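Trainee: Annotation source TrEMBL lists transmembrane segment at 30-48, 54-75, 87-110, 116-136, 148-169, 181-201, 208-228, 234-251. Summarising the annotation, TrEMBL assigns domain 'EamA' to 117-249.
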Amino acid sequence: MGIGGFMQACLSAKSLKRDFRKVVHKKKTLLVSIIALATYPLAFYSSMRFAGVAIGTVVSISTAPFFSALLECLFSRNQTITKRWMMSFAIGVIGITLLLASESSANSLFDHDMKHWGVLLGLLAGLTYAIYSWGVKTMIDHGIESQTAMGSVFGIGGVLLLPTLFITGDNLFASSTNTTVMLYMALIPMGLGYVAFGFGLRFVTASGASILTLFEPVIAAALAVAIVGEEISFIGWVGITLTLVCLFLQSKS
């Protein structure tokens, strides 16, 4: 994410110069968003390490829409949580839980106390994801271009994350495969992916965007089946179906 953030800043260099005064005017929102962005990946990946991929992912991804909606209710005047939103949120959480539960091993390899820490870090990841999504959306709503908002938050936040490469990134250049995967992650999901995310925030709320990201594990599962040849159990397919229902309800909001 550090390299992806640097890419975001480079892509938005011109718009950052043009909207510099507007960005400075929202410096408090910018600062909070930067801190949240720098915290999110550390909390997210630590959550998966302590609690396992399934639990860490479910807690992190599923709580982000709730925290986003809470922030919008507290700080934005134009957001109300509707019955349709609550229904789609609940269906989406159940769907993601079933999908990831079908992929997890029946034998737990994680200590009970470590799982507690993993869940807490997952909650922190969901909260920080919601904060920087809400922050970027707030900046956009105050006349700052989406590219500028994303570039300022991800650019500075990415720079804060770069030092972690010296601690955790010792194997990134150990082989050509590792380097290729690292470059792909930086340029496509973290680079172009978040450009699209910022563009989407121009038209939907932060809580709506957070719910739409529930589709991410579904895409991952589909790629695993199509490319790697993995098999998904019946429960997993039920989870995918419920997630698609969640997205359909959101599209009708």
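A Cβ is built for glycine as well, from the same backbone N, Cα and C atoms used for every other residue.
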Trainee: Residue list, the transmembrane segment (54-75) vs rest of chain: Cβ under 8 Å, 6 or more residues beyond ends.
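Mentor: Contacts of the transmembrane segment (54-75) (Cβ under 8 Å, skipping residues fewer than 6 from its ends): 43-44, 47-48, 81, 85, 89, 92-93, 96-97, 100-101, 103-104, 115, 118-119, 121-123, 125-127, 129-131, 133-134, 138, 205-207, 209-211, 213-214, 216-217.
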Trainee: If you average per-residue pLDDT over the domain 'EamA' (117-249), what number do you get?
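Mentor: Across the domain 'EamA' (117-249), the average pLDDT comes out at 84.
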